[in-house]
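Report on the following structure.
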């Protein structure tokens, strides 16, 4: 029975992590590729410390 609880707990933690990850603003996209990358998300492109940051319009 404890294995079942462990599996359910792992599934819940995985679900929370997968929900949070896409919301991260800084992504590993170079500044040259930033405008087209953010355009696919309908967001404004901005470069900070040589990293692409997509901000809401």
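Including glycine, each Cβ sits where the backbone N, Cα and C put it.
Not measured: the values here are computed from a predicted model.
Here is what Swiss-Prot records for this protein:
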DISULFID  31-47  disulfide bond
DISULFID  34-52  disulfide bond
DISULFID  38-54  disulfide bond
SIGNAL    1-28  signal peptide
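Taking the features listed in Swiss-Prot, we show where each one sits on the structure.
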{"residue": "31", "record": "disulfide bond", "contacts (Cβ under 8 Å, 6+ apart)": "47, 50, 51, 52"}
{"residue": "34", "record": "disulfide bond", "contacts (Cβ under 8 Å, 6+ apart)": "45, 46, 47, 52, 53, 54"}
{"residue": "38", "record": "disulfide bond", "contacts (Cβ under 8 Å, 6+ apart)": "44, 45, 52, 54"}
Original post:
How many other Cβ atoms are found within 10 Å of the Cβ atom of residue 54 (disulfide bond), counting all protein chains shown?
Top reply: 21
**OP:** Please compare the disulfide-bonded residues 47, 52 by how many other CB atoms fall within 10 Å of each one's CB, and tell me which has the fewest.
**Re:** 47
